[in-house]
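A short worksheet on the structure shown next.
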Amino acid sequence: MLARAVAHISASALSDNLSALSARAGVPLLLPVKADAYGHGLGLVARVAAQHPGVWGMAVASPQEAAQLAALNTGKPILLLTPPMSAEVGPLADLGVRLPVASLAEAEALPAHARAHLKVDTGMNRLGARPAEAVGIGQRLAERGLLEGAYTHFASADEPDLSFAHTQLERFQGVLGQLPPVLAHASNGGGILSLGRIPGMGLARPGLASYGFAPPHLRSVLPLTPVMTLRARITHIHTAYPGESVSYGGLWYAQQETVVATVGMGYADGYPRNATLRASVLVAGERRPTLGRICMDQMMVDVSGLEVAVGDWVQLWGPHDLTVSDVAEWGGTIEYEVLTGLGARVERAGVE
Ligand SMILES: *Cc1c(COP(=O)(O)O)cnc(C)c1O
């Protein structure tokens, strides 16, 4: 059967973004591929990362993701970013997955063939050990020969005010100073763009930036290209006459004869329903408004005056004119949520 929507994933855009981010960070990358590689498709992204000289390894958010990625045999290290349940520790270590450690009990419970990254909570207050406790945990891991890395996570490195990021960094560097040398990592994409190279760091973890997006005030720092282009098919074309409404709830009425294309993409596919009455799409390269409510599986678009036929593709977002950033703004959300919310019905296809 033919997919109604296809996300094209550009290997060259991803590869160029990774090169630019690694160069700016001055270190290799631990590429976050959680949430199906931010919706881009784990397999497609892992294939590019596996070949990329600037990528040290990949980071995931759940043990299932770790196991899926391990099964792809990329040859690159995998770090789990969240605490496993104790029953998962052994199987993950057997797969070679690097584990986050944030307590002495966890450090003691690791099997002898495990590799650990000490997780330090410097202010995000989500995961990790407080700096004062982290030192002893790291020293114990080092004694056991299991300490490969240490990391922390910035709470606001993607915001204009970097004072808290600097505070977090000082706390982290204070811990690192009391440990033997390890692969240290702190920066997410915001951190790389705003802080650049950080002394003492061995890796960086840009997620959203790798997929081509930066916060508005950091967009001029590096030329990043959105990796995903999303297209959906026109499934039906008809005319709406003056006074008729289109879609649920009568939010939009035709004031003149309007040619309406129904497109096979809706909120069940991840297109934000809250973008109703604000969203446009590209039809034959031209921005055209959606009409009325975004539905679960479909949306309607004004294609008056355009040469289009059933089966043609419209573009929902892409690297240039109309981006995920626009759609996120229309939907009252952020690029992260739009990308990771892309539904399972949307086919992912790799392109050069
Ligand atoms: C998701 C995540 C990242 C990547 O963050 P971006 O803002 O997408 O760059 C980095 N580190 C950790 C611990 C994360 O959970």
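Heads up, the Cβ atoms here are built off N, Cα and C, so glycines get one too.
There are 20 other CB atoms within 10 A of the CB of Lys34 (active site, proton acceptor), with all protein chains counted. The DSSP secondary structure for Lys34 (active site, proton acceptor) is helix. Positions annotated as active site, proton acceptor by TrEMBL: Lys34 (among others).
Cβ neighbour count for Tyr248 (active site, proton acceptor) (all protein chains, 10 Å cutoff from its Cβ): 12. Taken from TrEMBL, the feature active site, proton acceptor covers Tyr248 (among others).
Sequence-distant contacts of Arg126 (substrate binding site), defined as residues of its own chain at least six apart whose C-beta falls under 8 angstroms from its C-beta, comprise His153. Annotation comment: TrEMBL describes Arg126, Met296 as substrate binding site.
Residues or ranges marked as domain 'Alanine racemase C-terminal' in TrEMBL: 227-351.
If you look up TrEMBL, you'll see Lys34 marked as N6-(pyridoxal phosphate)lysine.
Of the recorded residues, Lys34 (active site, proton acceptor) and Met296 (substrate binding site) place their C-alpha atoms 25 Å from one another. Here the domain 'Alanine racemase C-terminal' (227-351) has a mean pLDDT of 98 out of 100.
Secondary structure counts, DSSP: the domain 'Alanine racemase C-terminal' (227-351) has 22 helix, 46 strand, 57 coil. Met296 (substrate binding site) is 11 Å away from Tyr248 (active site, proton acceptor) when you measure Cα to Cα.
If you take the C-beta of Met296 (substrate binding site) and look for same-chain residues 6 or more apart in sequence within under 8 angstroms, you find Gly266, Tyr267, Ala268.
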